[in-house]
Amino acid sequence: MRSVRWLGLFGLYIGAQLVALALAVPFRSAGLSSGANPSSLTTPLVLIAAVIIAPIVILLLARRQGLLVGLRHLLLIAIAGALYFTVLESLLVALPASWLLAPMSAEIALVPAIPLAAIVAAGLYLALLMDPQWYIVDLAGFVAAGGLIAILGISFTILPVFILLIALAVYDAIAVYRTKHMIRLADIVTEMKLPILMVMPESADYDYAAAPPLSETRKVPMEERAATFMGLGDVVIPGILVVSAFVWLPSSPKIFGLSASLWVALGALVGSLVGYAVLMRRVSRGEAQAGLPFLNGGALVGYVLTFFLIYHSATLGLTGGL
């Protein structure tokens, strides 16, 4: 049933947001933000430019068939590096900083997070390289999404995040419905089996490594398709607002034992889930859809409504205060 696929993607989506919320405060304490000034309006513009330019570069390189294999290896190495960093920082939060090794405990200490992160990143890299099944792709994407959402969320205050979400929603709509180059990018990503798309099959024995290109899948009626796909950016971008609200808004007043900022963050999350439901309804028609207009739009509406209810202020936190 299609509902199984949509619920599976729903689980990956909300799971990544909750992981990001759990990592946000420890990551901020560790100084992992991507910029020195979280209120800067320049940094999100740089990120927007990168989001626009990177697909164009990939599309240009993919035109030459001989470069596609090399491009896949290069992107997999970059993804493995990002996974190592994400897993390392997450493990540094969860595990002891170091273990002393007897009998030379005075001279030698092991930081367990380092070898564990290396093993996870190397294992996922090899699995993606040799047999990129859907669960490997989803695991790599899920791990990357949780860490990336947390890092970007603690890196931007509310106003830069608003600019980022609105600009990327507009860009996504143009790239899917007008220029359609994002559809071509999705075709290339599925051909290379990269964890930039999350995959949810109808059956657990679905062989993603041998699956036909996405361009061929679109010709099949929706109810007959073996899997449904969701871009990793559709998970990450709306989540930035969720984490930013949690980290940067005032924690008072507490309501039912939860901080005000967490309530607003959850409001943004619920709003994005409403957008997700609308998006999946449109996806059921069988045509490619731009996810960010629905997901970002839902997150923004959920944020605004919850902010008003919690803080009784019209500033929306855009000025850095109430």
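For all residues, glycine too, the Cβ spot is worked out from N, Cα and C.
Residues or ranges marked as transmembrane segment by TrEMBL: 40-62 (among others). Proximity of distant same-chain residues to the transmembrane segment (40-62), defined by a Cβ-Cβ separation under 8 Å and at least 6 residues beyond the stretch ends, is recorded for 34, 68, 71, 152, 155-156, 159-161, 163-164, 167-168, 171, 175, 181-182, 184-185, 188, 233.
What TrEMBL lists as transmembrane segment is 74-102 (among others).
Summarising the annotation, TrEMBL assigns transmembrane segment to 108-128 (among others).
The annotation transmembrane segment is assigned in TrEMBL to 135-152 (among others).
The feature transmembrane segment is assigned by TrEMBL to 158-177 (among others). If one looks beyond the transmembrane segment (158-177) by at least 6 residues along the same chain, the residues whose Cβ comes under 8 Å of a Cβ in the stretch are 38-41, 43-45, 47-48, 51-52, 55, 183, 233, 237-238, 240-241, 244-245, 248-249, 288-293, 296-297, 299-300, 316-320.
Residues annotated as transmembrane segment in TrEMBL: 226-249 (among others).
For 255-279 (among others), the entry in TrEMBL reads transmembrane segment. Counting residues 6+ beyond its ends, the transmembrane segment (255-279) has Cβ neighbours under 8 Å at 10, 13-14, 17, 21, 238-239, 241-243, 245-249, 289, 291, 294-303, 305-307, 309-311 in the same chain.
Among the features that TrEMBL reports, transmembrane segment is placed at 291-312 (among others). Long-range Cβ contacts of the transmembrane segment (291-312) within its own chain (Cβ-Cβ under 8 Å, at least 6 residues beyond either end) map to 162, 165-166, 168-173, 230-231, 233-234, 237-238, 241-242, 245, 249-250, 253, 255, 260, 263-264, 266-276, 278-279, 282, 322.
The list of residues near the transmembrane segment (226-249) in space but at least 6 beyond its ends in sequence, with Cβ under 8 angstroms from a Cβ of it, reads 2, 5-6, 9, 12-13, 16-17, 20-21, 24-25, 28, 38, 51, 134, 141, 144-145, 148-150, 152-154, 156-158, 161-162, 164-165, 168, 172, 186, 190, 195-203, 206, 208, 211, 214, 217, 260-262, 264-269, 272, 275, 283, 291-292, 295-296, 298-300, 303, 307, 311, 317.
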